[in-house]
Amino acid sequence: FSWGRFRKVIFKMFPVLNWLFSYRFREWILRDLHAGLSVGMFQVPQGLLGVWLTRLPLPNINGFLSAFCCSMMYVIFGTSHHISIGSFSIINLVVTNILKTLNFNQTLSSNGSLGNFSDPTFMKDYMEALTFTASVTFLTGIIQLLLGCFCLGFVITYVPKTLIDAYLTAAALHVIVSQFTFIFDVMLDFHKGPLGIFYNLFHFFLVLPKANATSILLFLLSMAALRINVYIMITYKHSPIAFPMELLLIITVTIISNCIHLHAESSSAVVSMIPQRFLPPTPPDLSNLSKIILHAFSLATVSYFLLVFVGERYASLHNYSIASNQELIAVGLCNICSSFFKSFVVSCAISGTVIQEKTGGRTQLAAAIGASMMLVIALKLGQFFQAIPNGILSAIVVFNMLPFLQKFLDIPILWRRDKYHFVIWLVTFAAVLCFGLDVGLVIAMGLTFFIITIRSHRMKMVVLGQIPNMNIYRSLSVYRAAREIEGIKIFQCCSSISFANMNHFKTYLLHKMDMKAVPLDESEMRALISPSLSDTAVERKDLKCSCLCDPPLSPPRIPYTEKLVKRRHADSNSTSSSVNLVHWSKYGHKLSSRTLLVGAAKASPGFNMGVTTEKKEDEGRRASLPPGSAIDNSSVQLDQEEQPVYLPCPVHTIILDFSMVQFVDLIGSELLRQIIHMFHDIGIAVLVAGCHSSVIADFEKNDFFDSCVTKERFFLTLHDAVLAALDKHQKPDELERAAEESAEEPLAEQQKVEYL
């Protein structure tokens, strides 16, 4: 226990403390006050408007108390600085469709009246529907809270930004279509299911002749005013802030609509039918748990991802981060709190969030101010806002959805940059638009994980060559200066090796070596197995009886089950460079400290490099060199005067560059061991370079090493492996030349020292 750790835990559990103790009062208070007033004023008529979509009238007191408590709960436990918590119209429509499972007669109809609530049967159905809604909301919050406690919010880290943009774009279109009811002033039953948005559009066009012209005109005038507001900017402390046009529009229209009767539908007709009495909190009824568990899980997923997607969008714009697990806990507590007021599932109120961000809100203090103002206005002045035409509020909602639709302009750029992300964007948008927020999210996540799996396990192999006069190796197909070293093939593996791509690795290797694998016959298999069985046969020569309790003997380990043969007998057309291109040292015939082996000091009986390390001597030689000397023990020297050309010789060494390999699983390591054995059987040594220590540990756990495949084959760098291969296969004349150079070197060094 320490106070530092205790403080860290407390600040993590209550994120409000992070910005509360670092709040810049003089710089931020006016911004948050401006944003809070705008959001709070907008939430009052927006809450009244939600009754139209849900078709389930909730007393105003319950609705606004629920919105206030949920907002304050997120202020304490949420990590986003700009999220405005509230009901989301599409989620409310999902809850409305769930209510149909109880065969509940909708209370809000075209001929509904206040007298319906005096009917005992009607009131019984009404209370059952509210209780059912509260149960769905409570179970949704419990699921989110449990997921957050088990830290399952990490899933959001695997969601790319393209999926978030596509999801929010499709969700914005769903919201815009849902507002057509208020824009055209017509009531329709929203179709739920595949292609539901297109059915709704079709029915809206059918009833378009019956639309209210006044409502459409008010909508267009409001959209024009909001568009003009884009070019009006307020500067505070050298920072631009949007003009509060939404606040001015709501206040102006509220005054006009209460003085003059506008021939447009408003929420007053609906609110007048609802009993204005507070429904006290009651425990949730979980008797229908089996019927609502799947719906609750779907709502929990959509509510959380919608909240995190919008939060990630604004966090990236303002250079801060949100905690995905804490967001799960915060929205879960909000939904649990909402259920006690018999309210709906809450999530990110996109319109309120956009208003809070563009009006300059810096912290969640703006949300707290907005929630407090909303509650006071709703309880004291709520009747004045009931006369606001629905078209005005729809214009504010639709206008705040337009920034999400601007992502359509990024599609051509996305196609040019990354076609995989283009496919993700397109499939996510189409799935969410056609199948809804819940099913579309599942399809988008499934496709994303599939593409991530394919790209991470897709094998990429490159044949490397050497840049003359350097210890640099680059792709032969990309760099024209790269040359292939005679007798050595270098392959770079650019991805991890697993069961999913190991066969491709083997096929590529054999194709480049112009070979194919042929299964061993029975006699060859017995020849491989007999050495391992010889010791067992000697032990059983006396035919002793063994007890059944004795552990069974492990089956003999077969090094490989295939042999390599030439695919065709033709001379290679590759332009190999002379072996004179590589001189591993100017200071002697032994490798210097740059050649460092990983593993045991004893040489392998199957592959002996004869490599030693002389670190101290090499450091002494380095110290004697002048500062401007370009000679390095790892460089490759090119004989400029004479370049003899040899006939192509067969490959004697294969070097695998594993510097980009992150892991090798059990199946991959087993097949790799068999490949090394098969090449060793035909006289070709396989070396591994640049292998990370974690991959070596994986090899050890997978029982990769044996008498033939030892750590002597592993080298720290690619150049070390090349030098070791050339050291073993150098020609006699080259060895004599190297000896002469090493004999002349001490004299040259002495002359340099005397000169200095």
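Glycine residues also receive a Cβ, built from the backbone N, Cα and C atoms like all the rest.
Annotated range for region 'Disordered' in TrEMBL, selecting from 109-132, 541-564, 733-756: 733-756. Below 8 angstroms of C-beta separation, residues 13-16, 43-44, 47-48, 50, 83-87, 271, 274-279, 326, 329-331, 333-335, 337-338, 341-343, 346, 364-365, 367-368, 370-372, 374-375, 378-379, 382 of the same chain, each at least six residues beyond the ends of the transmembrane segment (59-77), sit close to that stretch. The stretch in 204-226, 247-264, 292-310, 361-379 that contributes the largest number of Cβ pairs under 8 Å to the transmembrane segment (129-159) is 292-310.
Listed as Cβ neighbours of the transmembrane segment (247-264) (distance under 8 Å, sequence separation of 6 or more from its ends, same chain) are residues 37-38, 41-42, 45, 185, 212, 214-215, 218, 222, 225-226, 384-385, 387-392, 396. Most Cβ pairs within less than 8 Å of the transmembrane segment (166-184), among stretches 204-226, 292-310, 361-379, 422-452, belong to 422-452. Long-range contacts of the transmembrane segment (204-226) within the same chain: residues 177, 180, 182-186, 188, 245-246, 249, 262-265, 389-392, 394-396, 398-399, each at least 6 residues beyond the stretch ends and with a Cβ under 8 Å from a Cβ of the stretch. Nonlocal intrachain contacts for the transmembrane segment (361-379), taken as residues 6+ away from its ends with a CB within less than 8 angstroms of a stretch CB, comprise 16, 19, 23, 28-29, 31-41, 43-44, 47, 60-61, 64-65, 67-68, 71-72, 74-75, 78, 80-85, 352, 385.
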